[in-house]
Amino acid sequence: MKNVKTFGIASAFLIAVTLMSCGSGKRKLPFLGHRTTVEKVVNGETVVDTVYQTIPDFSFTNQEGQTVSKKDFEGKVYVADFFFTTCPTICPKMSAQMLRLYQRFENTDEVRLLSHSIDTKYDTPPVLKRYAEKLDVKAPKWQFVTGKKEEIYTLGEKHYYVTAQEDKNAPGGFIHSGAFMLIDTHGRIRGKYDGTVPQAVDKLMNDIDLLLQETKEEKNTEGQS
């Protein structure tokens, strides 16, 4: 299965410029996806603010038969991908790399992993549970979810900008991206990485650390205001 149609038309909307935090010289992760500008009044003055795209509300079922929604990831940095348990091509590589993330951040409560099955008919909660057990991983750190296929496909293609769909001509009957998507505590997309390449996942680990630091600094600033 090829890592195809990654961002497609949506790539035109990516904000891929790396920003520098004011005066600190530290690298700041970009914001990916659509953005809009809004005017608001601050201290009696009208200022222009940028509103970045966020992952919309969702409701799926995890490997424990529990409902998993966007609320479960509020205040968390998380990595999302799309897979299916019987995938004969890139999924084993993706799972091996996601397992590296699990082990690296196992004791970091602020980090979560979210894998969406695109074979919603076969990948029932018991099947997902067996898959998780083989990897020796547990929820809520790593959630494997299933649900209505239209909702999962739409979430993947319209909001995460990754391929997720049925394809009778593809190995296993499905086609999907091998991308790992990095989401911040506000539900904004902050990075896209090739989940089949160890070096790309090494960078993702470093970027998660950057995002955790950014979140910490943001909380400190809010506490001082």
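For all residues, glycine too, the Cβ spot is worked out from N, Cα and C.
TrEMBL: automatically predicted annotations, no manual curation.
Among the candidates His159, His176, the residue that TrEMBL annotates alongside Cys87, Cys91 as binding Cu cation is His176. The DSSP secondary structure for Cys87 (disulfide bond) is coil. A distance of 9 Å separates the Cα atom of Cys91 (disulfide bond) from that of His176 (Cu cation binding site).
Highest local Cβ density among the disulfide-bonded residues Cys87, Cys91 belongs to Cys91, counted as other Cβ atoms within 10 Å over all protein chains shown.
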